[in-house]
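Peer 1: Can you read through this structure? Questions will come right after.
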Amino acid sequence: MHVRSLRAAAPHSFVALWAPLFLLRSALADFSLDNEVHSSFIHRRLRSQERREMQREILSILGLPHRPRPHLQGKHNSAPMFMLDLYNAMAVEEGGGPGGQGFSYPYKAVFSTQGPPLASLQDSHFLTDADMVMSFVNLVEHDKEFFHPRYHHREFRFDLSKIPEGEAVTAAEFRIYKDYIRERFDNETFRISVYQVLQEHLGRESDLFLLDSRTLWASEEGWLVFDITATSNHWVVNPRHNLGLQLSVETLDGQSINPKLAGLIGRHGPQNKQPFMVAFFKATEVHFRSIRSTGSKQRSQNRSKTPKNQEALRMANVAENSSSDQRQACKKHELYVSFRDLGWQDWIIAPEGYAAYYCEGECAFPLNSYMNATNHAIVQTLVHFINPETVPKPCCAPTQLNAISVLYFDDSSNVILKKYRNMVVRACGCH
């Protein structure tokens, strides 16, 4: 038994680029009219060269110049947990939830949040316009003693220098957790303010710009969300101006309060309550992969042949189409991509893999209605039947493609959730 090589059906099908390489789990399947797939998988271990080729191709499609090697701080920190909530929301939105059709099995999370979702309805709204979400870990945090009237501040810094080119910030949030306070400030009201640091000075306070503030009771607990969209855009365009954020807590009469005493959790708190930043991005330009030529030389050679007997060739074509009826018609077949088998489980959080599928089969005259043939393909089939040396048969290609979302760490241990379009074949047809 051997693994069949897959044929490139159309230039927009990414599967064609991986056809010689997908040997780890490919299968031929009968695809019935009710979209039920029956398959018998063929397994064999990848050789080192094959693994490297696959890794290089998939990284290129994911838009990554190299394999990320993060200094992992744990998948159960607050930032990865928040991003997992967004990942699950995006999967449900695009049909990847239980019973959904958008993402094919197995498309599931590696771990669960096992608690109330961190993401809000507003975050889900931001997902609608975004094609990439990044969370950023706090690089520096320490309390500073300033001159009157501000005595207590907490500083946060985030590295936005690794943002891919062509991505624009559509929304950005700073998130910090506030615990319930049982003593001292029982009935007190706090004003929590977040500032952008414009310029730092020796011996006096930094120049600050107020970004957002919230007023709340000392007894309140939960995640506090501050809008920092404006400064995030500025930092992406001018990274040298990124001097971080400052946070202050005051009573309504202006008394400065230590953020820790107000219940705000810093980097030394529990993993699932540490502060972080999240930004939503949308691509301002589309990048296309170059399409490799496959078989154009052979096709031109076939077209250059002039038959001596046109009628004999036409009769041979009739026989060819008769035998095509006995061969498999254009259908969807199973093809599973396993990130775990590629050894990427240390930086890809979710999914472990996904069912990509591919299209293969005959597009012979006459085309049946279930082949999802275009009008052009119908005409092309007829012309090929009459004059096969002039026009080739239509190709079996995807007619519907779906996206997948991939959640992963970058080199700086930031968590990225990115949507990749046209990655899963939903339906096949003749083109």
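Even glycines carry a Cβ here, placed using N, Cα and C.
Note that this is a predicted model, so its numbers are computed, not measured.
Annotations for this protein, taken from Swiss-Prot, read as follows:
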SIGNAL    1-29  signal peptide
CARBOHYD  Asn187  N-linked glycosylation site
REGION    291-311  region 'Disordered'
CARBOHYD  Asn302  N-linked glycosylation site
CARBOHYD  Asn321  N-linked glycosylation site
DISULFID  Cys330-Cys396  disulfide bond
DISULFID  Cys359-Cys428  disulfide bond
DISULFID  Cys363-Cys430  disulfide bond
CARBOHYD  Asn372  N-linked glycosylation site
Peer 1: Might you list, by sequence position, any residue in that chain lying six or more from Asn187 (N-linked glycosylation site) with a Cβ less than 8 Å away from its Cβ?
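Peer 2: Result: Trp217, Ala218, Ser219.
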Peer 1: According to DSSP, folded down to helix, strand and coil, what is Asn187 (N-linked glycosylation site)?
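Peer 2: The three-state answer is coil.
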Peer 1: If I take the alpha carbons of Cys428 (disulfide bond) and Cys396 (disulfide bond), what is the distance between them in whole Å?
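Peer 2: That separation, Cα to Cα, works out to 7 Å.
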Peer 1: Fewest neighbouring Cβ atoms within 10 Å: which of the disulfide-bonded residues Cys363, Cys396?
Peer 2: Cys363
Peer 1: What Cα-Cα separation, expressed in whole Å, is found between Cys430 (disulfide bond) and Cys359 (disulfide bond)?
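Peer 2: Cα of Cys430 (disulfide bond) to Cα of Cys359 (disulfide bond) measures 10 Å after rounding.
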Peer 1: Measuring Cα to Cα, how many angstrom lie between Cys359 (disulfide bond) and Cys396 (disulfide bond)?
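Peer 2: Here the two Cα atoms lie 6 Å apart.
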